[in-house]
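I have placed the structure first, in the form of structure tokens, so that the comments after it can refer back to it.
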């Protein structure tokens with residue numbers, strides 16, 4: 001039974017390990033998104049794409065908006081309406097200040113959809129700037145703002161961004177002079193440098209009292225964004241701003257961050273009502289020390305501050321075999337001065353030293369020094385103990401005053417209108433792919449647009465996914481501990497096969513039990529012999545039973561005979577010695593008692609213990625009457 005439990009434990013362990021590996025691979029696609037996943041499958045039901053075809057047979061059609069939009073761009077035709085910046089970046093060296101980064105319109109390098117093209121940033125270590133006017137300006141009133149586009153880091157990304165800017169509406173907006181300080185209302189998109197992976201959402205808020213603009217940064221998503229920068233797949237980035245002053249950021253139709261424009265941005269939109277008085281200063285006599293040295297403490301007389309922390313161990317003894325006259329290191333006898341050694345330039349040449357071979361087999365070489373030990377008398381520098389400060393006043397802080405710059409904007413959604421979209425980027429990696437921009441107010445319009453563009457790219461990429469083995473290796477490269485699970489998973493079938501199928505060693509007890517359970521073939525003569533033995537056993541049992549009955553009967557007779565002899569002998573003694581008057585009376589009582597005793601003894605004839613007691617009484621009463629007693633003892637011995 002214990003063996004079976006052990007085997008089932010191994011089986012359960014194998015199932016758990018296989019399940020964990022499978023879950024790890026499946027979670028590679030959806031990890032780090034504790035989000036509300038949109039029901040995106042319904043959008044594909046009416047697609048014109050035949051999903052049963054391979055990626056090479058996909059028929060691509062340029063997405064078309066299905067509702068009101070403020071801007072769309074697929075880059076499938078000519079690059080119409082986009083303007084390259086001709087200005088320079090301020091506060092930068094002249095050799096890199098110019099926005100001379102190159103842009104191209106081309107297809108994806110991998111998972112290509114024939115006919116589907118995008119805008120590609122081609123230059124590395126250069127500034128890029130390109131922009132286009134919206135079809136119509138977006139005014140923040142009672143409609144949501146939805147901004148959506150695709151990005152593919154085809155070569156990965158070392159340091160650079162792929163974010164967009166929604167440029168603020170103004171009469172003097174000139175796209176040819178679009179640069180980093182051009183006023184914008186919203187900046188949104190991925191950005192990465194080193195190991196810092198970001199998804200920006202920044203909006204510029206206008207102070208209603210001063211008219212100045214301040215950047216407000218949404219709090220960073222709690223999910224890991226690394227895979228979106230390294231998997232070389234096309235990802236869909238979506239920003240949703242709602243008139244109720246809330247926002248959502250989505251990647252691939254999954255919410256990765258959401259919050260309130262009033263509560264989840266840094267710094268807050270509304271300043272505090274009270275601030276610390278900048279003119280308030282801490283008094284000179286303000287005591288912030290919670291504890292102070294005890295002024296009444298005195299250093300003990302026996303406190304010696306000059307004692308060292310360590311002393312030589314006086315009980316240490318030099319090990320036997322220590323070679324005092326041998327150095328620990330010697331010159332290498334095989335070393336030779338290099339031929340190009342110049343003593344005038346390099347000095348006198350000295351050969352390198354090597355460990356003394358004579359010291360390898362002994363406790364040590366050179367001058368022996370006693371080891372150091374902690375000094376038991378060491379106390380260190382004396383310091384008075386600390387006590388509570390009676391003058392402690394707490395940590396000082398300046399007093400609060402009303403904030404002269406306080407204001408309250410209850411609807412930060414009402415931002416400055418936008419009239420253009422632009423990409424102003426610096427990147428150390430080339431071939432960043434952008435595609436399918438849309439700005440609208442209806443989520444259904446954006447979802448349909450994504451289904452016709454990004455959804456088709458996702459379908460092709462899924463069809464071209466590597467096999468299971470490649471996925472396992474890739475997952476193990478990111479998580480090396482998976483190799484342990486892989487090895488255990490491969491070894492489990494072999495181990496379980498050995499446990500369940502390999503013949504186990506049989507114990508002697510099991511063999512004996514099995515032998516006892518094995519039926520044997522019995523002949524007719526053996527059956528008759530066994531039957532005769534059973535009959536003989538029954539006869540013997542009956543004889544033993546009869547013998548026991550005879551013994552009981554003999555015992556009863558012996559008891560009766562012994563009683564009669566005892567009574568007879570007693571009467572004879574009474575005749576020889578007649579009792580006196582007083583004794584006669586007592587004798588009569590004795591006779592009566594004996595008669596009563598005889599009656600009680602007759603009632604307990606079958607009790608052996610009672611018979612033995614009576615024999616003892618008879619032995620004590622008769623004294624010299626040995627004849628009858630000897631015969632009784634002989635019979636008792638014989639019965640025993």
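Quick reminder: no glycine exception, Cβ is built from N, Cα and C everywhere.
Residues or ranges marked as signal peptide in TrEMBL: 1-23. Feature annotation from TrEMBL assigns region 'Disordered' to 262-358, 524-640. The compositional bias 'Basic and acidic residues' annotation in TrEMBL covers 273-292, 545-579, 602-613. Residues annotated as compositional bias 'Acidic residues' in TrEMBL: 302-314, 340-349, 528-544, 580-601. TrEMBL lists 481-502 with the feature transmembrane segment. Look at TrEMBL and you will find 631-640 tagged as compositional bias 'Basic residues'.
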Go ahead and report the DSSP secondary structure tallies for the region 'Disordered' (262-358): helix first, then strand, then coil.
6 helix, 18 strand, 73 coil
Grab the same-chain neighbours of the compositional bias 'Basic and acidic residues' (273-292) for me: Cβ-Cβ under 8 Å, and only residues 6 or more beyond its ends, written as numbers and ranges.
386-389, 391-403, 406
Secondary structure composition of the compositional bias 'Basic and acidic residues' (545-579) [DSSP: H/G/I, E/B, coil]:
32 helix, 0 strand, 3 coil
